[in-house]
Structures are given as C-alpha cells and as structure tokens.
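K.L.:
Starting off with a structure, shown below.
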Amino acid sequence: MAGGKMKKDKQKGPRAPSNHYQGGVTFHKSKGQHILKNPLLVDAIVQKAGIKPTDTILEIGPGTGNLTKKLLEAGKMVIAVELDPRMVLELQRRFQGTPFSNRLKVIQGDVLKTDLPYFDICVANIPYQISSPLTFKLLFHQPAFRCAIIMFQREFAMRLVAQPGDNLYCRLSVNTQFYARVSHLLKVGKNNFRPPPKVDSSVVRIEPRKPRPEVNHKEWDGFIRICFIRKNKTLGSIFKQKNVLSLLEKNYKTLQALQGSQNVSLSGNDDMEIARLGDESMEMDDGMDDDMDMECDEAEGEGEVSEFKNKVISVLKEGKFEEQRASKLSQESFLTLLSMFNKVKASVEFYTVNAKEGPSFNGRRKSILKEFITKHNVPNHVPDELVECSSQDDEVPKKPNVKSKETKMN
C-alpha cells in the first residue's frame, strides 16, 4: 500500500523438539523432574549444608548426579534415593570406575515408602508434589539427623518459615516450626533448572529440635487443625461451632466408653483429649486448607447450653484466648492453651459402661472396637492405636445408657 510498509509473511517451519534431556535421558515435568544445571548454585547448596568429611549424606532425587558429585567430594558417603530406574542407571554409569563408586549407595524406590537408613545430613531437590509428606517423614525420622537442605516451591518454602501475623502463616508453619528450626537460605529462579518449572523455588534449612517436644503428636495436630479452621476468626467463635463441639464431644464419649471411665474429664489418660480429630495425619498438611469449608453456625439458641461447651469456653476465657486468632498466635501460646484444656476437669458424666452387663474394659481392652462402633453407631473418630483386631470370644457390650439432652445434668 502507498505510504505503508509491506508486512512480510514469515514462513513457520516445524517446531524443534524440546531439549529436556541430559546424557540421553529425557526429563518428565509431570514427574517433577527438574535438574539443576547451574554449577554455581550447586556449589552454594553444598556450602550452605556445612558438610563434614565424616558425614553420611542422604540425597533424595539425585537425577543425573550433578549435585551428587559435589556431595561425594564433600562427605564420606552418599545414599541416593531415586524412583526413576532410568536415573538409577545413569547414576551408576556416571560413577562406575571412579573413586566415588565405593562411597555411593543408590536405593531405587519411593522415598515416602522407603525405610531410610542412618544419615547425618539430607540434601534434596525434590518433586514439589511430595513436599509436605516428605518434610514430616524427615522430622519424625529416628535417630534424628543434624539438618536438611531442601529445594521447595517458593510459596511452600515461605509457608514453612512464616511467622505469626504473616499472610502465609498456617498449620504447616506451626507444625514444622514446632518440631524444627527452619530458615530460608536461597531464592532460586526457574531458569536454573532443565526443564524450567513454572514457578520459582527456594532452598530451606531444617534442623530438628533436640530433644523432640514431648507431646502427643496426634493430639497436637488435631488441636492445631481446630484452631486453623478459620485462621482469622476468633478462637471463641471457632469452638462455638456446632460441628466442632459435636465432633469433640463424640470423640470424647467414644474414648471414655472404650476406657470404661465413670467420670468425664478433659485430657490424656484420665482426662479427655479434647483435640483428637481422627485419622487425618500431619503428613498430609500442606498448609493450603487453612480456611476449609465447614459449617460456621454457632451452637446458640438451642435451649440449654451443654456443660461440655461451658467447660470449653471457660478455658478460653480463663486464658484470655477467646478473642485471639490462630493467625496471630505463637507456638508457645498454642502449647499454653492445649495445656489448659488438659488440666480442666468436667463434672458431668456423658457416657458410662456397666462392667457387669458387658465385657470389662479394664486394662484398656480395645479388641471389640469395630463391633462396638458398628452396633451403637459411634463415629469412628478414635486414635489409630486403639484399633485392634477382635477375637472370636469377645462379645459386643450392651448399649450404655446415654443421658438425654433435655435432662438437666448435674
């Protein structure tokens, strides 16, 4: 056209295949295979790990061995856990006939299902989809190791190190920092990997606390789950929810019936474990479900308020936690509140078991648990350790007398 420029049509040829391979091995993004290609970053990770010449190092997801080589140069021995058999062969081929071959042990398998051997330090560039379960598997590993240097997706890493009041502070933050000291080391751009992931990453240092906190782990996890149902709501409003009170009371009644207790209390063996929530485990805590969908109706205006609820709310008021929010509380505050729940005793019987009418529950006999739950329609919100296989000689106890809600409780 006059006064204009002719736009030339560019001929588009066939697109070149993606060059996501090294040494003839193709990497699969769907399996979380993103190999570190920046040698300066590899050196920085090894330096941050503080490896001693006598250390046994656990490497998770070694890939083609770029980081493995540096670890072998720094430590005494490297135990590499790899799921992909192609990567296992590549590792063995790379170090075969070298001075490192006798100091490298390769375990093929899923690290979440593998019994890990003794190690001093863990260094890992892991598939991001296993970040949460792997973190807690390491935290509960015995004997405890010195530290772990792990590459995480950046948002997950920021949740690990978040402090009370931060936007990303969640159950993951509380649980991880309760069992370990966590610090952020490096921010890693996505272009440092082959193939590059969609998001940036971060390197985090995790040091398990020694000695490990002496708490009931399931009780602690259940308690934190309640507090973070709505992390920005007050604890008073959370513990007044009908579903929360109902769940706690049902769990309580089940435990007390199985233990043959004649008096109700609010903690461990003789007390009610108020925060025990059932089968969900801490290992599945990814910190992404802080505001989970739960009914938020409060148990108000339904006639006489239960003694159980009164005891729960009185604990919150006594410790001045009723107006506090989980998003602002420190680990010390959560421990204080849980300790207060475990010290308060209720004065009313919810469930009684007559030993003469059914098998004795003395000595913590739990062998008839499954039949008891089935016949009496008791919700299965009891600890895993109480579940045992029933014997043929056991009988199902008669249904205990449950007090009506309309009956005034002493």
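Just so you know, glycine gets a Cβ as well, placed from its N, Cα and C.
Feature list, courtesy of TrEMBL:
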{"type": "BINDING", "residues": "H34, L36, G61, E82, D110, N125", "note": "S-adenosyl-L-methionine binding site"}
{"type": "COMPBIAS", "residues": "1-10", "note": "compositional bias 'Basic residues'"}
{"type": "COMPBIAS", "residues": "395-410", "note": "compositional bias 'Basic and acidic residues'"}
{"type": "DOMAIN", "residues": "41-210", "note": "domain 'Ribosomal RNA adenine methylase transferase N-terminal'"}
{"type": "REGION", "residues": "1-24", "note": "region 'Disordered'"}
{"type": "REGION", "residues": "388-410", "note": "region 'Disordered'"}
K.L.:
Which has the fewest other CB atoms in a 10 Å radius around its CB: E82, D110, the listed binding-site residues?
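P.N.:
Across E82, D110, these binding-site residues, the one with fewest Cβ atoms within 10 Å is D110.
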K.L.:
I'd like to know the mean pLDDT over the domain 'Ribosomal RNA adenine methylase transferase N-terminal' (41-210).
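P.N.:
Result for the domain 'Ribosomal RNA adenine methylase transferase N-terminal' (41-210): average pLDDT 93.
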K.L.:
For N125 (S-adenosyl-L-methionine binding site), just count the other CB atoms lying within 10 A of its CB, please.
P.N.:
26
